[in-house]
Structure formats: C-alpha cells, structure tokens
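Annotated features in TrEMBL:
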DOMAIN    105-394  domain 'Sugar phosphate transporter'
TRANSMEM  107-124  transmembrane segment
TRANSMEM  136-155  transmembrane segment
TRANSMEM  223-242  transmembrane segment
TRANSMEM  248-267  transmembrane segment
TRANSMEM  279-298  transmembrane segment
TRANSMEM  318-336  transmembrane segment
DOMAIN    761-878  domain 'Sugar phosphate transporter'
C-alpha cells in the first residue's frame, strides 16, 4: 500500500498508510508495490509563503468548536453544502458563538453526568460485593438491567430502534466476548480489593494495548508512546507492592480486565467500521449479546444455590436496603457506560481521553473518602505516576495521529477575500467528520490539489455537488464512508488521476458511469463494497493500469464487456463470492503479468484459459479446478510462480486429472489445503529443470512424492503428517527422493507465519518488546511468590549491612543485564549461527573462570572436569545441530 508523507514549515500531515485499515500484505506480487508509487510522492521544496498550506489534515471534527492550531495556518471559514455563496463574516461569527456556547455546555453536562454515574456505580457495586460476594451474578444483573432498559426504550419509542442484520451480530460477537471477560474480571477484582486499587491497576491498560498492537497486529508507535509506558508500568508496580490489603485474585482480575478490554477495542475498531449504529444503540446491542454469553457461565461457576444462600445472608444483615443497592449498581452501570458511548459521537478522542483520565481520578478519590481506604504516601505516589503515564500516553498517541485539526461542520472554503487560485494546497486529508455531508465546489478549492483522502465520514453522501473533482488530482482514497453511494454519479474522474482507493463503503453502487480519458490511472483498489456489482465501462481503455484489486466485495459479479486492458496488468481478486468468470478475451492479452484468485468459490476459469504470457498465478478456494486442468497449465509458457490452494467444501484432484503437465519455466510451486490428495497429480515432474522451490502445506493424506527435479533447492513440508513420516532421515520410504536437496524442512506452522526479528525493525527492538512483555508476565508471579513484605525486610537488612553501595549494585546488575542481552541480540544481525554458538560457549567459559577468581570459589579437580565436559558437550551439540540438522524437524543444510 501507499504511504505518503510530506513535510513543510507551515504544516505536516500524518502519513497515510492503508495497512492501518486492515489491508492484507501479499506474500507475492511484490513488483506491484513499486508500481503503485505515485509520481508526486517526491516533491521539490519551495520557500513557504502565506498562501502555501501543504498538506492539510482535518481529523475528528464534529462541531464548530475552535481549536488553536499547532502551527501557522491559512484562515478558513465554513461553507455550507446547500449554499452557492460564501457565508457573510457577521453571520459566521454569530453562528460560531452560539454553537461554541452550546457545545461547551453539552460537553460539560456529558462529563459531569459521566463522572457522577461512574462514581455512584463504583460505590454501590462495592457495597453489594462486600455484602454479597458473588461477582458473576452481579455482572450478569448489570447487563440484564441495561438490556431491559433499552428494550423498553425501543418499544416505547424513547430511543430509535437500530437497524441490524446477521452480519452486524457476527461482527459484534467477538467484541461481546471480550467485553464479557473484561466486565467479569473487573467485578471479581473489586470483590477482592479496594475500588481505588482496581482502578489504579486498570490505568495500565495502555501498556497492554501497545504490546498487543505491536506483537499481534504489527502496528508501530513513535518513541514517546513507548516511553509513556514506563511511568504506567512503574506506577502500577509501585502501587501494587505498597498496597496494604493486596490480593492476588484482585490484582489478576484487574490485569485480565485490561487485556480483555484491549481486545474489545481492537475487535470493535476493526469490525464495526462503516456501521451506521449510534453509540447508545451500539452499547445496548453489546450488552444484550454479552448477557447471552455470560449467563450460562455464571450459572456454572456460582449457581442458584449459592446465590440463594448468599441473598438470605445479605438480607438478614443489611435489610431491604440491600435490594436498592443491587438495583442502583445495575442501573448506574448501564447508564454510565451508555453516556460514555454517547459522548463518543459528540467529542473528539483527545477530549475523551482527558475526560477518561479525570473520571478515573474522581473514582479513586471518592472511593478512598467514602470507604475510608488506608493509603500510604508511596501507594498514592504510584497511583499518581500511573495515571499521569496514562494521560501522557493518550496525548502522545493522538499527537502522532493528528498534526493539525480544524473544526469542520460541512467543509472548509476560503473566505471571499482570499485568492484561491494562488493557494498551493497539494495534500488534503479529512478524517472522522460525522457532520460532513458534501464537498461543494471542490474543483475550486485549489488548482494544485493532487491528493485527497477521506476516512470515517459516516454521513458523507456525495463528493461534489457539481459533479467534478479537482482537475490536478492524482491520488483519491475514500474509506468507511458508509452513506456514499457513488464517487461522482454524473461526472468523470480527473484525467490526471493515478491512484484510486475505495474501501468499506457498504452502500457504494457505482464509481462513475464510465472511465473516460483516464489514461494516467495505474492503480485501482476496491475493498469491502458489498453493493458494487461491476466496474465502470471503459476499463479496457486504461492503458497505464498496472494494478487492479477487488477484495471482499460480496456483490461483485462481473467485469465490463470490454475486459481488461493489455497493459502489464496485475489482478488480485479475493472474497468476491458472486464472481463467476474473468472477462472474455482475457486469454488473448499479451502483456498480462500476475493473477490471484482467492476465496471466489463460484469462479470458473473458461476453456479459453489464461494469457499464455502470465508470469505468476495464485488460485485458492475454488469449488472446481477441472476447467483449468482440462485447458492445461503447460500452455502458460512464461509462468514462474504457481500457488494452488484447495477448498474444504470443493473437489480435490480426481483420478481423471492425473495427466496435468506443468510449464517448464516454473521456479516456485505451492500446493496447499488439498486434504484428500494422496500424491501430486503432475506428469513428468522430474523434467521441471527450472523448479527451485517446492512447498506442500496442509495436505493431510499426501503420502508419496513424485520424482523430483535435480534443480530443486528448497523443499518445505508443513501440516502433512503422513508425508513427514515417509520422509524421515534414512528411515522414511520417500527419504531417498529428498536426500540430495540442499535445504529441506518440515514445520509445524505455516511457512509465511514464522516470526522473524526483522519484523520488529531490528533485534534491538525485538529484545525491547520481549523484555516489556516478560515484565508484564513476571510481575504478578513475583508479587505472589515473594511479596512486598519480604522485599521490604530484605531491603532494610541489605542496606544496614552494605550501605548506599547496595543501591549501585542493584542498578548495575539491572542495567548490565539488559545491555549484554541487547548486544547478543544485535550480534544475530551480523554473524552466522555457527559463529554465535562458538561465541556463546566462550562467554560461558569466561563467566565461570572470572567468577571463580573474583569470588574465590573453591573448585575440586573432578568438579572442574565435569564443567569442562558439560561445556564441550554443549559446544558439540550446537555444531552437530547446525551441520546435520535436527531429526525431529527434518532440517538439513549442505556444508
């Protein structure tokens, strides 16, 4: 995907990277990435003037609220979509003054209500748990009460009933699972420890968020974000070790709640893009689904008998007032969550993060006052450090995402005293503007605008009221604008357009009527547009088109009659369930380069076949392979890469297909997910003298190998248990066929899923991430095994015996531990495994000898001999493993 970032003295826009939107990274077709690099990605610097604003980034805008720009900006005012003349300055000033006052009042009410409801909930929740220690039932009652309240609201018309479908609930399910786990874990935590302690530990959620996003999603963050985790982790650890009433279950409950809510946010962000459900209804649906998930587990863990006994005890001790406590905690739980979700529709993420930090402080302070929780100064310091770190994290994260934010009710347009023709705006990005409905007269904004990116504008219905886009536009990206049905319904795309990216627009039915004189267009990517049935006519006229991707468009059924252009094209089709064929005439194209057809089950390749000059072919998830095999893959006389993956519900290669001949030009072959395949159905396989790489994955009944060509350099076998057994070194029936291959391996996991240090940027960063995750894992166990009391007593003893020098010893061992490990990981980037094993053996010898000398350790000759033999054995093991391989993994290298 393209990632653009321009830097000038007046303003800087955050880099646009479509991988943040969930785009997959293709294992092949690498040449396509360079083809999609626009010519304007590298721009020459100009001297800044007052009229230059390059680029402009508009983000998270929903009102007229004025914000102070971080850098110097050209003054712009609002321009309404339904007007043809600019707004008068007096009218603008009056409208802004009224809107600003109303907005401030509304935000103030939201915050006051949010904090008050949260404080009240935590107080009554703790009272209930003190008298009735059944957190599973308490959590269930909270969700049940909220679900009942919303059902009544929908039935009486107080709240608008959401319009949902089965896909909505499928997408919501993982969110509900994570929400359920987080809710129960937090309630369990508060049943065991003080409310203040639970919220202090829960302030460490950003640390989990960063680590999960980094390790599982591959996201990267700026250095300040990583640094902000230090006070969060340090503050939480300090508060935990100094907690007077520490309880391991309570501590682990808060930690599990943090992790669960991180996954809830990830699932919600990824799965709910483009869903037109309000925050209030979204949380209502989430509560109902979580209630269905939680109820059977609550019955299994605690059960009616325990609940009944506990209820009688609580009623006898508290009286009828206990019923009010239960009702209050249930009602206020739903209300405070509902208000927080509603506020997301009205305020920016920056404002929300500030409010969330203040909410946590208010809960901690109020619970300490009401419950008279004893707090030591060190404990309070740890809480303050952790909360400060959380606040800094949110600021640094938002600073990285939005460089310049300008309020935008509908659209920005220069005032009539500004000469727009002299403006040099080149890059415009608009993100999360729920009030934006139309971009009026966008062709008049700037004659130099080359890049326009619009993301998460849920009410945008049309790009231009005039039907035209900027005349110099080269890059157009539109994602998650759910109400947009067409790009320019009656107009044309600019002649200069080079890159068109469209994603997550469930109502999109057309792009334009036809491609007209768009010969500069070389990259089209369309993703997640279920209502799009075809591409515009004139596709064959795009003589510069190099990359065409249509992915996860469930309603996409056909291509235009003219077919593809003959232009060195790469085509990637994925998740198009209704697509049945490629356009007619595809076989006659002479410059076609690459084709990928993935999870398009109804696709049937015609008897005409594919272009004979095709270089790379990926096919996965078809129901029928016979037409392709009948036509003959050997006709692809330029094919170098072939990947064929099966369909669990489709056919495998049958007996009549066993005359398949592969092209002699093939260098790489992948056979995957044919679970009934017993042997490779290829004729004259040993004659493929160009074949160098062969991979077989998830062919569980595959038992035999054909005679392999002598040119083969690498053989990879994954999830093929019978074949793995047959290929055992010196024992397997098929071993003689692979014995001379320079590099063979059998893996337990898919080859493309193996983790490499290079995925983390460098070995230094890899070890840093490893250390942080290990710290989170180790901390609760260290507290449980040793604990704050033992640490405090031991520290006093050590200080009294050694003095201040002891502090230096602790610091030195901690720093040098990290440094020596960091250097060892860095060396892996520079030296071979053989050299590393030798170095590791010499390191161990040097440590043993130096420690004996420094500490004057008495050593007997037999003891020294045993150490020498053990070290020698370790060294020999590493050499033998590297040279001859591990027989369990069938790993072999040729020296």
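Glycine is no exception: its Cβ is also placed from the backbone N, Cα and C atoms.
This prediction places the mean pLDDT of the domain 'Sugar phosphate transporter' (105-394) at 81. If one looks beyond the transmembrane segment (279-298) by at least 6 residues along the same chain, the residues whose Cβ comes under 8 Å of a Cβ in the stretch are 136-137, 139-140, 143-144, 146-147, 150, 159-162, 164, 168-169, 172-173, 175-177, 179-180, 183-184, 272, 334, 337-338, 341-345. Sequence-distant contacts of the transmembrane segment (318-336) (same chain, six or more residues past either end, CB-CB distance under 8 Å): 114, 117-118, 120-121, 124-125, 127-128, 131-132, 138, 141-142, 144-146, 149, 287. Secondary structure by DSSP for the domain 'Sugar phosphate transporter' (761-878): 102 helix, 0 strand, 16 coil.
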